[in-house]
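Down below is the structure, laid out as structure tokens.
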4 protein chains.
Amino acid sequence: MNKIKNIGVLTSGGDSPGMNAAIRAVVRAGIYHEVEVTGFIRGYEGLINNDFVNMDRKSVANIIQRGGTILKTARSEAFNTVEGRKKAYDNLKANHVDALVVIGGDGTFRGASVFSKEYDFPIIGLPGTIDNDLEGTDFTIGYDSALNTVVDAVDKIRDTAESHDRLFVVEVMGRDSGLIALRSGIGVGAEAIMIPEANMDVDDILHKLDHSRQDKSSKIIVIAEGDEAGGAFAVAEVLQKKYPQYDTKVSVLGHIQRGGKPTCMDRVLASRFGVAAVEGLLNGERGAMVGQINREIVFTPFDHATKHIDAEKVSSTWLKLIDILSF
Amino acid sequence: MNKIKNIGVLTSGGDSPGMNAAIRAVVRAGIYHEVEVTGFIRGYEGLINNDFVNMDRKSVANIIQRGGTILKTARSEAFNTVEGRKKAYDNLKANHVDALVVIGGDGTFRGASVFSKEYDFPIIGLPGTIDNDLEGTDFTIGYDSALNTVVDAVDKIRDTAESHDRLFVVEVMGRDSGLIALRSGIGVGAEAIMIPEANMDVDDILHKLDHSRQDKSSKIIVIAEGDEAGGAFAVAEVLQKKYPQYDTKVSVLGHIQRGGKPTCMDRVLASRFGVAAVEGLLNGERGAMVGQINREIVFTPFDHATKHIDAEKVSSTWLKLIDILSF
Amino acid sequence: MNKIKNIGVLTSGGDSPGMNAAIRAVVRAGIYHEVEVTGFIRGYEGLINNDFVNMDRKSVANIIQRGGTILKTARSEAFNTVEGRKKAYDNLKANHVDALVVIGGDGTFRGASVFSKEYDFPIIGLPGTIDNDLEGTDFTIGYDSALNTVVDAVDKIRDTAESHDRLFVVEVMGRDSGLIALRSGIGVGAEAIMIPEANMDVDDILHKLDHSRQDKSSKIIVIAEGDEAGGAFAVAEVLQKKYPQYDTKVSVLGHIQRGGKPTCMDRVLASRFGVAAVEGLLNGERGAMVGQINREIVFTPFDHATKHIDAEKVSSTWLKLIDILSF
Amino acid sequence: MNKIKNIGVLTSGGDSPGMNAAIRAVVRAGIYHEVEVTGFIRGYEGLINNDFVNMDRKSVANIIQRGGTILKTARSEAFNTVEGRKKAYDNLKANHVDALVVIGGDGTFRGASVFSKEYDFPIIGLPGTIDNDLEGTDFTIGYDSALNTVVDAVDKIRDTAESHDRLFVVEVMGRDSGLIALRSGIGVGAEAIMIPEANMDVDDILHKLDHSRQDKSSKIIVIAEGDEAGGAFAVAEVLQKKYPQYDTKVSVLGHIQRGGKPTCMDRVLASRFGVAAVEGLLNGERGAMVGQINREIVFTPFDHATKHIDAEKVSSTWLKLIDILSF
């Protein structure tokens with residue numbers, strides 16, 4: 001194995017708060033260890049289109065606190081084709097880039113896995129997604145920030161719900177994973193939550209509401225966008241019929257959950273991951289995602305990291321907690 | 001006219017940040033001027049149902065920073081009937097309440113106007129609505145807070161829009177008034193806005209976007225919920241077809257705009273209005289809304305205050321400003 | 001008078017939130033009216049050292065929400081000398097810059113006034129200071145943001161003060177002007193405030209506290225840094241002796257008041273002022289500060305704008321308000 | 001052992017964000033498990049003075065998002081005496097309270113330890129302190145919130161530091177522990193930090209600054225209040241002499257770090273701990289602090305929990321991280 005002299009870095013898939021902190025850490029760690037760093041624009045598209053910038057220390061100054069990603073991000077159809085990956089590889093070679101750090105979620109890592117095997121190319125992944133749905137790390141970059149954005153928004157909704165004796169159905173992100181709904185639901189003091197992992201239907205919610213305090217002046221149901229029950233509006237319709245005494249409203253939080261300044265936790269996590277990714281590559285790690293389990297840095301092979309976690313077990317503890325707290 | 005000895009206070013209609021600061025000011029000013037204050041619950045419903053609390057100085061401690069309203073609010077159908085108002089009057093008499101301060105918007109003041117004439121009852125209104133759509137005051141309580149909530153949310157959306165080269169259509173509150181869209185649109189650096197007052201259609205937006213910088217990586221359109229074009233989703237559909245290079249997304253901000261901590265400006269405004277309302281009542285003012293015009297306190301008769309403002313003239317200056325700034 | 005073809009823009013003196021929004025508006029308005037815009041770095045130092053950048057539309061993209069100033073700022077001793085101003089003039093000529101927009105406070109405008117007379121050079125000033133201490137405008141850029149930063153910080157202090165039954169003396173900015181203390185004091189529900197304009201001493205505070213509710217679990221005194229009584233620590237010492245039942249603490253908010261995202265109001269104000277400054281210059285305005293009085297744009301000659309406002313009259317109304325509200 | 005029928009709850013020592021969420025969880029879990037809950041006011045003072053309230057589900061409604069503690073807190077000298085504890089015990093007996101949940105830091109737990117042994121009284125402690133300096137839990141309630149308050153404040157300071165080319169020395173809380181300085185220092189992108197555990201002196205800082213980028217326009221040093229070097233002002237004086245090119249400023253963040261809304265993480269942690277404390281008591285746990293290690297609930301005897309953690313080992317990893325990131 002030759003010494004790595006130039007590391008490429010890119011962000012791919014949906015953006016998440018803390019991606020900039022991760023880019024900064026990769027660049028600073030690279031320079032610290034006397035490696036050049038090349039930033040590719042719009043994820044794998046940048047590899048294919050040879051769209052890149054040379055990163056120096058100043059290029060990542062004053063970005064640790066910024067939402068989004070200065071390298072931009074995209075989902076790349078072309079990278080799923082043999083031809084696209086061939087172009088990407090040729091461009092990496094031409095630019096003397098001999099390793100990659102890819103920041104993103106499971107889609108990003110599946111692409112990285114194929115590419116790294118196809119061309120025997122060293123790649124380390126950084127978990128950058130608000131969904132926290134990856135094996136191999138307790139937390140992904142952006143999850144904590146998204147949770148706080150949800151909590152801030154629902155605190156505002158609680159103000160108006162309390163004033164008007166309203167029942168609110170709040171839809172949060174999480175197409176395949178209810179983790180955002182679960183944690184934020186506890187954080188906002190929700191009366192009930194609906195998540196894909198729990199196989200709940202509206203009757204379960206009705207049952208819970210029937211058994212919660214009837215003297216509450218407001219009720220908040222947090223629902224993951226991917227829940228099977230058919231979306232916040234459908235749930236709200238059923239609830240409105242059942243509880244005519246409440247004025248039922250829907251709030252879909254949407255894309256505000258992806259943006260905003262990262263929290264301290266996400267900045268620290270991203271900083272630590274970025275340094276670990278570079279040092280991992282230099283120590284021969286490849287084809288793996290860097291993560292943090294029980295506060296220690298661990299590397300998990302891409303194929304294992306992208307297996308969706310079994311939330312069933314996790315969620316039952318938390319769902320019980322919500323039952324107790326909203327009692 | 002007999003001396004006023006007991007002032008009732010209530011919040012009615014949609015809640016807005018700063019209502020609690022206004023209640024606090026009414027209570028403290030009442031006590032300062034040796035008048036009792038009675039708080040009625042859920043607006044005019046509280047008058048009709050005789051649902052009230054006696055307010056002392058402590059009952060409004062530590063609420064100046066809270067969103068919502070501790071007196072709760074509602075829209076009252078019953079108060080629109082002769083019988084409902086009769087009950088309200090009888091309860092006021094029975095409780096020796098001899099004047100009212102009502103905090104709300106145009107619907108609240110229309111009810112107050114009818115009641116005050118019907119029973120020759122002293123009422124002062126406080127403009128509490130996020131819409132800022134009342135004659136007789138430069139600013140209503142809650143408008144500034146709602147603007148900052150919108151701006152914070154769209155700043156987050158801008159992060160993700162920039163990272164993904166997206167066009168966002170953001171729907172903000174304002175059923176009959178585009179003022180929130182107008183000001184927040186400038187505040188977030190929107191590429192274009194759509195408001196009811198301006199009779200714009202989607203073609204106007206298309207025209208503007210065609211003439212704005214084509215190298216922008218994101219575009220944000222702010223649209224008032226009441227705009228005739230048919231809602232954010234319909235607008236987005238047209239834009240997506242016309243600009244396939246942008247991934248067009250919709251965000252409906254919804255009820256978060258009503259909640260949250262009031263800004264300093266709304267707290268100061270509410271504090272000033274609350275004191276002015278009590279002192280106005282004691283000085284013989286009645287049947288009028290207290291407002292602030294050019295930094296001076298003014299009283300405007302209810303019938304004039306509830307006439308919707310002519311935003312046409314105002315908005316042309318501001319729309320021009322957006323054209324220049326997004327150029 | 002020749003047509004203006006290139007406008008220089010700079011920020012000078014202490015920074016304030018919204019300066020970036022103002023720079024953006026100057027640049028966009030310049031380009032809209034087909035004028036080039038040159039940005040000078042570190043205020044008048046940039047003129048003297050010929051340190052500048054050509055501004056295009058993209059150079060001010062995505063800065064409206066950022067605190068600080070992308071052009072940096074400084075206080076320039078050299079610009080107070082004949083030689084310094086000569087160099088500045090020569091550089092402006094050499095770069096074909098034929099007008100200036102200077103964003104700052106009274107010191108900035110005094111320099112601009114001397115320079116504009118000395119060289120008959122067209123300059124418009126933009127009021128950018130958190131202190132709001134200029135004649136010729138109801139509000140300066142940054143004042144509203146600083147107020148909200150103070151209010152957010154003191155809300156946090158109130159939490160801990162309430163929990164511990166503490167008396168807090170909070171020092172806010174305002175060397176010559178108590179306006180920040182006055183408005184934020186109302187906003188946070190302070191029990192008393194001390195400002196330079198009011199000639200209050202600690203005895204006045206003691207007197208007020210004696211007459212306020214004795215059952216309060218916390219008390220907050222807001223004091224302007226410039227108050228004569230000798231600073232927050234000296235005041236706290238006296239209060240601690242007099243009120244041993246309270247655990248008296250001091251909090252000096254300091255520089256956090258200058259930073260952070262500008263509020264919606266400051267962004268709108270800055271945007272409006274920036275456009276008005278450019279259009280004013282093109283219409284022949286010069287040697288004046290642009291401001292907003294009663295919602296209309298006005299131009300005030302520099303020598304008048306920098307006269308400190310007579311806060312005495314203003315403050316008595318507001319001090320009375322605090323007495324009533326903390327009663 | 002008799003069945004526990006009435007659990008007392010109190011908050012003691014310095015307040016921290018999330019204490020209200022913890023109180024709420026204790027109350028709701030108690031009621032869920034059919035146990036009465038009694039809230040004592042001002043910590044151990046409330047036990048001694050028999051100052052308490054009976055808590056029902058409604059008494060903790062809508063407090064999960066509030067800073068401070070609704071039960072108030074204090075440090076109690078009397079509880080350190082035999083007589084004081086005797087009174088406390090007599091009052092607990094008289095009120096039929098047969099177990100306690102105490103929320104606080106190491107001082108709180110030392111008192112609890114003595115009392116529980118002296119009277120063989122079941123007590124569980126909840127770690128409520130912003131310092132995160134307890135053995136037996138990865139995180140204390142309030143630590144994450146305080147970190148985010150620090151990061152928000154220093155982000156604002158960075159804005160003004162960047163605009164003025166300034167060096168800021170920012171003092172954060174942590175009398176015996178540098179953990180807040182360490183994590184927030186990484187979060188804000190500090191150029192260097194000084195913590196009690198690391199035995200650094202100003203020369204170390206000078207050395208670091210000499211080796212960091214000389215082209216940076218601002219530098220931020222985060223220093224823990226307990227650091228031996230003599231406080232932020234003394235450090236700043238040395239730095240100002242050494243680096244005359246920077247305008248060196250000091251900011252002491254102070255008490256804002258204790259207040260404010262808790263973050264989602266602190267709300268979830270507090271909720272989980274509160275439920276676990278009640279269920280622990282019912283299951284026979286006593287004389288121990290509930291904590292979370294590697295995401296599992298653990299109980300640690302008071303005498304072990306209050307041993308200060310050895311931060312030496314922890315901090316070297318993190319200090320290295322700062323060196324790399326500020327390189």
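Quick reminder: no glycine exception, Cβ is built from N, Cα and C everywhere.
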> Which of A:Gly8, A:Gly14, A:Gly174, A:Gly178 does TrEMBL put in the same ATP site as A:Arg75, A:Ser76, A:Gly105, A:Asp106, A:Gly107, A:Thr108?
Replying inline: A:Gly14
> A:Gly107 (ATP binding site) to A:Arg24 (ADP binding site): how many Å between their Cα atoms?
Replying inline: 23
> Applying the rule Cβ within 8 Å of the centroid of the Cβ atoms of A:Gly14, A:Arg75, A:Ser76, A:Gly105, A:Asp106, A:Gly107, A:Thr108, what extra residues of the same chain belong around the ATP site?
Replying inline: A:Ser12, A:Gly13, A:Gly43, A:Gly104, A:Arg110, A:Gly111
> So of all those binding-site residues, A:Arg75, A:Ser76, A:Thr108, which one's Cα sits nearest to A:Arg24 (ADP binding site)?
Replying inline: A:Thr108
> When you look at A:Gly14, A:Arg75, A:Ser76, A:Gly105, A:Asp106, A:Gly107, A:Thr108, which the record names as binding ATP, what is the longest CA to CA distance in angstrom?
Replying inline: 13
>> To the nearest Å, how far is the Cα of A:Arg28 (ADP binding site) from the Cα of A:Ser76 (ATP binding site)?
In response: 27
>> My understanding is the cutoff is Cβ-Cβ under 8 Å with a sequence separation of 6 or more in the same chain; which residues meet that for A:Ser217 (ADP binding site)?
In response: A:Ala161, A:Glu162, A:Asp165
> Where the distance is taken from Cα to Cα, which of the recorded positions A:Val26, A:Asp131, A:Gly189, A:Glu191 turns out closest to A:Thr108 (ATP binding site)?
Replying inline: A:Asp131
> By CA distance, which of the recorded positions (A:Val26, A:Asp131, A:Gly189, A:Glu191) lies nearest to A:Ser76 (ATP binding site)?
Replying inline: A:Asp131
>> With every protein chain in view, what's the tally of Cβ atoms within 10 Å of the Cβ of A:Arg24 (ADP binding site), excluding that atom itself?
In response: 26
>> Please identify, among the binding-site residues A:Gly14, A:Arg75, A:Glu191, the one with the smallest Cα-Cα distance to A:Asp131 (active site, proton acceptor).
In response: A:Gly14
